[in-house]
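A.B. asks: Pasting in a structure now, in structure tokens, and then I'll have a few things to ask.
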Amino acid sequence: MADEDPNTKVECEDVPAKEEEPETTEPGRNDVANDTDEVQRDKRADSSWSAPILSFARKATETLSSGVNHYSAGLKGSDTSQHSSDTSDLVKTAAVKDHMVVERSNLLSMMKLSIKVLIQSSLSLGRTLDSEYPPLQQFFVVLEHCLKHGLKVKKTFIGQNKSIWAPLELIEKLCPESADIATSVRDMPGIKTGLGRARAWLHLALMQKKIADYMKELINRKDLLGEFYEPGSLIMEEEGAVIVGMLVGLNVIDANLCVKGEDLDSQVGVIDFSMYLKDPQATENTQDDSKMTAILDQKHYIEELNRHLSCTVTDLQAKMDSLEKTNSKLIEELTAATDRINALREEQEQLRQENANILQTSQRKEEVTLQDSQVELDTYRQTRQGLDEMYNVVWKQYKEEKRIRQNSENVRKNTDESQNELRSEMKGKVNALQKRLADLDTLRAGLESELSVEKEQRQNLQRELQREQDNSAELRTQLQQLQGLQTGHAWLKDDEATQCKQCQKEFSIARRKHHCRNCGDIYCNSCSSNELALPSYPRPVRVCDVCHSLLLQRSSIGS
């Protein structure tokens, strides 16, 4: 059967099918192991199925040959007289029946035969299968013919294309677990055709033991398969579901297939019946049937165990993916935290440098402030000394005035006493006093004049005391002004002044800016033309008119 003609009409209706599998029971593990050892030691383990398979394969070969010759004779007009009478009867029967039904039946029978031979031979072999194992190769050939049955022809620019790769690509969308297989097949550099990719995909699916699950997902979507297959094709009918059920048994097989090293594009898929043909004289052996039953039981047990292991692997894979995601998130968070720590360290270093700079600046300012305070303290001491001297003078004047007032009081008291004495004397000497009345009036007038003089002197002393108090208040005000000049003024920047502080005239090229070395403000040349010696400068420097007047006044008060 050629690879390019999957619709070759094969009829096996007259062949007695002996493909029914015995009912499986659940034997003990020790019995299964013992039966397996006996099968491996027995060199004739295949005698139990050789006779029925021989008969079936021989009749199927005759049917294939007769069907192919019949249709090739119809196309080419060649003579069919070389066939026997039995062959003519079979061809006539095939012409009556639906050829699609016949092809499905033949392909289903061949698939049953190939799967049965593959499972039995692999269990008897007892090792992992490779790509060179003949029953495995024939299984892929039969499966390829089944997938090609009823496949629609796609018209392209190059010509007509008929490949099973297109429907197999649907499995990637229907079953996300198969995405890694499809990606691996597309990335293989040695495969260039769709047929080669489909063969590679089947090899990888068998190694994963997922080929039955993937094909089940595919045949359940008849709405999507209608785009690729004709009505009545094997995949679209019940035979497809039967084949998927038979593929489940392949999960017991362990295969290690090298896909990259094979030329999958140019392989010719021809079914070889020679491996299915055995000695027709051999008889069935009941003991071998029991061994086969034990092997099938072991197959079902291993299949169930494999399913449990697959579930466990899936759960572990999900947990592993979750741990990987968690690990990636933790790595990202660690990276972000590390970046943040580095940024905080840089910011801390900058703040440390700024703190050091601020500390140095504060120390400089403190030193300057201490120097200024010392100068102000010296100035205050000098001013205080002058004020103390003035206070002593005023206090002396006050004491003198007080002494004079006390003398005046004493004089007034003495006068009162004398008047009292005179009154006492005048009581006794009324007549004498009347005589001396004129003299007493004169004396009184003199005393009144003296009293008025004393009052005028007292008022003069009060006015002088008020004047001294006013002078003292004025000196205090000037002292406060001088203290404000020493501590309250800062050096004004050039760009902060646009006009003279005193005359309010705008600065220009002709009217330039000048700093007062005492108060720090900016004046024009006419308002700061004076020069005085300041404590902080070794020689006379420029000062404004206001500071000049105040400094001169302070100097005069100090002197």
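Using the three backbone atoms N, Cα and C, a Cβ is placed for every residue, glycine included.
Just so you know, TrEMBL annotations are computer predictions that nobody has curated.
Just lifted these from TrEMBL, have a look:
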- 306-364: coiled coil (COILED)
- 430-485: coiled coil (COILED)
- 1-19: compositional bias 'Basic and acidic residues' (COMPBIAS)
- 130-262: domain 'RUN' (DOMAIN)
- 494-552: domain 'FYVE-type' (DOMAIN)
- 1-46: region 'Disordered' (REGION)
A.B. asks: In the domain 'FYVE-type' (494-552), how many residues does DSSP assign to helix, to strand and to coil?
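C.D. replies: Output for the domain 'FYVE-type' (494-552) reads 14 helix, 12 strand, 33 coil.
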A.B. asks: Summarise the domain 'RUN' (130-262) by DSSP state, stating how many residues are helix, strand and coil.
C.D. replies: 79 helix, 7 strand, 47 coil
A.B. asks: Could you tell me the mean pLDDT the prediction assigns to the coiled coil (430-485)?
C.D. replies: 77
